[in-house]
Every structure is written in C-alpha cells, then in structure tokens.
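Comments concern the structure below.
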Amino acid sequence: MRIIVITGMSGSGKSTAVRALEDEGFYCIDNLPMRLFRPFVELIEKSGDSYRGIVLVADIRGREFLKGFENTFQTLRDQGHGVEIFFIDASDDVLIRRFSETRRRHPAEEQCTVSEGIRIERERLSTLRQMATRIIDSSDFNVHQLKELILRIVRGEDAETPMVIEIKSFGFRYGIPLESSIVMDVRFLPNPFFVPRLKPGSGLDDEVREYILDNPKTATFLDCFFPMLDMLVPAHRQEGKYYLTISIGCTGGRHRSVAIAEATAMYLRADWPTVRITHRDIEKGQQ
C-alpha cells in the first residue's frame, strides 16, 4: 500500500496538501499516535476499500509521533509498503507573514513569539526533514499552485516539470522585490546614467548594453556570477523549489540591472528553458 506522510512547518501548506490528496482518493488521518499506525494500515488493507493509499499528517503537535516514527516507517517498508515523506517548508519570513495574516498562534509553545515558535519547530522537526523523500518549498506558491504541485507529484507527473526561473531587474530606490530568492547588487558596475548620450536609453538598447557588458569590470563579474548560478539554481531545485526569482538591482532599475538581467537570462536558458524576465522599474527609472 502507498503511504504518504505529510509533515513540515506550521503555516507551510500541509492542510492544502492533505485536501488535495483526499480529493485524489487517499484516506487521510491527522496525528494518529504512532503505536496505532501499523494496526491502522492493516485494518485499511483488510477492509477492502479502494483507497489509493493512506496519508498521515504529522506535525509538532504529535509529540508521540515524533518519538517513534523512524522504527515504524522502516518496519512498514520491510513489509513491502511504499512509505513516502513529504516535508513542506517555507522561509521564515513567509511563515511569519502567513501567521500575521491569519492571526493564528504558533502551535510550538503557549507563550512565545511567532519567530521563536518557528525556531523551536525547526529544531524538533530536523530529523524528520532529513528523512524526507521529498522537500517542497511553498514560499513562492499560492494555495492553487501548491495543490497542483502536490497532485503532479503523487501522479508521477513532476519528474519532467522544470523549475520556472524569473529574472527580475529592479531599482534599489524602489525596494527589493519581496519574492526574491537570490538578490544581486550591480551598482558597482559602470553607470550609463552619467553618460549624456546614454542616459535617456535603457539596458535594452544596444549602445547602453555594450557600454556595460564590454567593460572589463563587468566581464570579471559575470565570470564569477554565472558559475555561482550554475551551483545555486540546481541546489534550489533539489530543495523542492519549482519557482525561483533571481533579482538583479541597480540604483534606478533602468540601465545596469536591465542589461545584466538580459545577459543572465540568455545564459541560463541554455540549461533551463523556462526562464522568463521582468524589468520591474525600467519605466520608473526614466522619470
């Protein structure tokens, strides 16, 4: 029988995942004591009901579960059951924002801040996270996107699903994009803003782009930046990310960041075909 354990951080989207799997025909149960789990699996098998499998939800509330899961899972695997562990995570900033929006108390402790509760929860779930067969980062997902991803995974449709990479140029004077996973500051590069004939243009114009990219300082930077992305992008994919935002900023978001963002997108498309590019502040920088 297929057994999926849904676990992870509070506020990461476990309830969304469970609802998706329930609609998909799985029998879902929340925080079943570990000593009852093996008898429960046997009971479902003997019932003859046509469930696609069992989903067990485990989180920080199930102290008994967290103590006994390792031996139980291994026993079930030895009996021929397919046991998968989906650990759903999100960045601390995203979790704090979600708790703020819902006005819920963090379940880790009665009296502590949300950020402290998140720290405690990460410590308690660290072993389970290491055991996970799938780590899913929901930081960049809305409810519908997370549900779609969970269904693709359980249907075996996600193996060929590439990570969507968004390259976003921006101006620091207008703020760093909140959705950023990686932020690169290129304000140290030569600035066309101070060249009268180039100032009215943007990083999309050939003359402006050549002024930036042909500079030796830019060449040295890209020789370091691109190999770094060759390491970072696959690492984010392995951590369960299906969306990655790489934000590149200069002062106004019109010249340097645009040119470097275009060069970065061109470089990454060789290995990651789903690269898209957005120039958030290119028109603001004209003002």
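Even glycines carry a Cβ here, placed using N, Cα and C.
Here is what Swiss-Prot says about this protein:
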- Gly8, Met9, Ser10, Gly11, Ser12, Gly13, Lys14, Ser15: ATP binding site (BINDING)
- Asp59, Ile60, Arg61, Gly62: GTP binding site (BINDING)
So, three-state DSSP: helix, strand or coil for Lys14 (ATP binding site)?
helix
Reported as an integer number of Å, what is the Cα distance between Gly11 (ATP binding site) and Asp59 (GTP binding site)?
11
What other residues of the same chain, not counting Gly8, Met9, Ser10, Gly11, Ser12, Gly13, Lys14, Ser15, have a CB atom within 8 A of the CB centroid of the ATP site?
Asp59, Ile88, Asp89, Ala90, Leu95, Ser138
Other than its own, how many Cβ atoms are within 10 Å of the Cβ belonging to Ser10 (ATP binding site)?
22
